[in-house]
């Protein structure tokens with residue numbers, strides 16, 4: 001057991017150092033000054049990495065930091081020295097697929113790349129054309145391990161692909177690791193639309209973004225049910241380089257919210273049970289979800305719960321597994337619902353009558369670890385159901401590991 005622990009510890013130390021060397025320009029100190037200088041230098045680079053990924057900037061290798069380092073990602077550094085300095089001067093760019101991968105057909109690869117280029121073309125006045133001649137501006141290939149560009153691939157997982165900024169020779173070229181489980185569907189694996197959109201952004205001159213909602217975020221973020229689109233930040237950054245298209249100038253994607261914005265509020269919060277979750281939105285419909293899959297036959301109308309026709313939408317809901325009761329919050333009222341889909345006699349009642357101290361309409365509610373949390377605008381109220389009392393009021397985003405602002 002001791003030997004295994006030592007091997008794992010050494011591997012972890014190696015991984016951390018290599019990660020910071022590759023992606024954050026960490027240069028280990030050598031010679032007599034190593035013992036004194038390296039810990040401070042390492043911690044500084046670790047804090048830089050933690051800041052980029054939106055983690056607590058402790059300078060310590062905590063589980064969240066290790067998890068971020070282990071995520072599949074792009075092979076480019078997160079701190080490139082030439083940020084937004086390189087661009088193409090011609091408005092029509094050509095690309096050539098010089099080597100196809102072993103996982104997908106030529107038609108699948110060509111279609112995925114065409115769709116990826118189209119996303120960027122919708123934001124800036126550029127055109128992208130595939131050609132077979134060797135003088136293409138951008139050469140795309142699938143490669144294994146060492147492919148003679150100074151950045152060998154590491155097999156499945158880890159580094160998925162890398163690209164080069166605009167320029168002559170290898171400039172703009174894109175390399176994909178052929179050992180990845182590439183897919184063009186929403187199946188498990190690496191989506192050959194999400195990764196190329198990111199890499200093509202580098203080919204156009206974009207560095208990595210610390211916005212976790214951006215295409216240019218360095219870690220692979222594409223989920224099975226995601227709809228791929230450029231973020232507000234992606235569009236803003238690429239248009240700073242190439243300008244805007246003359247059409248659809250006002251249709252920017254929504255901006256990724258700052259999780260620690262003191263005015264951040266939540267539209268919905270739900271406790272995910274082992275099997276069932278009921279969700280309602282700003283309308284008369286609800287969905288039942290099992291194992292993160294919407295059940296057949298949904299959405300349905302909330303009138304099935306016995307609400308009168310005057311109730312058009314639900315603000316929040318709380319499910320109590322022990323009693324099988326549901327509290328619905330609509331405006332300033334609480335409606336209690338029995339398992340037979342009937343509103344209990346005597347309801348609705350003012351929210352404050354059933355939940356003393358909760359005096360205003362709520363945006364969301366969730367039960368967690370023996371307490372009930374009500375969200376109202378940028379605030380959350382922690383309610384103790386045993387003594388029926390609000391224990392404290394803090395910023396809603398303290399759930400997201402944001403520090404409470406003094407005086408709030």
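Using N, Cα and C of the backbone, Cβ positions are placed for all residues, glycine too.
All TrEMBL annotations are machine predictions without curation.
Annotation source TrEMBL lists Zn(2+) 1 binding site at 147, 149, 162, 175. Taken from TrEMBL, the feature Ca(2+) 3 binding site applies to 154, 155, 177, 180. Summarising the annotation, TrEMBL assigns disulfide bond to 260-402. TrEMBL lists 257-309, 311-358, 359-402 with the feature repeat 'Hemopexin'.
Annotated features taken from TrEMBL, shown on the structure.
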residue	record	DSSP (3 states)
147	Zn(2+) 1 binding site	coil
154	Ca(2+) 3 binding site	coil
162	Zn(2+) 1 binding site	strand
175	Zn(2+) 1 binding site	strand
180	Ca(2+) 3 binding site	coil
**Report entry** Number of helical, extended and coil residues in the repeat 'Hemopexin' (311-358), per DSSP
**Finding:** 4 helix, 21 strand, 23 coil
Query raised in the report: Going by C-alpha distance, which of the binding-site residues 154, 155, 177, 180 is nearest to residue 162 (Zn(2+) 1 binding site)?
Result: 177
**Report entry** Set of same-chain residues at least 6 away whose C-beta sits under 8 angstroms from residue 147 (Zn(2+) 1 binding site)
**Finding:** 141, 153, 175
Report summary line: residue 177 (Ca(2+) 3 binding site) sits from residue 149 (Zn(2+) 1 binding site) (Cα to Cα, rounded, in Å) at a distance of 13
Requested in this report: Compile a sequence-ordered list of residues in the same chain as residue 180 (Ca(2+) 3 binding site), six or more apart from it, whose Cβ lies below 8 A from its Cβ; state 'none' when nothing qualifies.
Outcome: 103, 156, 157, 160, 189, 190
Query raised in the report: Setting 154, 155, 177, 180 aside, what same-chain residues sit with their Cβ within 8 Å of the center of the Cβ atoms that define the Ca(2+) 3 site, listed in sequence order?
Result: 153, 156, 157, 158, 159, 160, 178, 179
Report task. Identify all same-chain residues not among 147, 149, 162, 175 whose C-beta atom falls within 8 angstroms of the centroid of the Zn(2+) 1 site's C-beta atoms; report them in sequence order. Result -> 75, 141, 143, 151, 152, 153, 173
Requested in this report: Compile a sequence-ordered list of residues in the same chain as residue 154 (Ca(2+) 3 binding site), six or more apart from it, whose Cβ lies below 8 A from its Cβ; state 'none' when nothing qualifies.
Outcome: 145, 177
Query - Tally of DSSP helical, extended and coil residues in the repeat 'Hemopexin' (359-402) - result: 5 helix, 24 strand, 15 coil
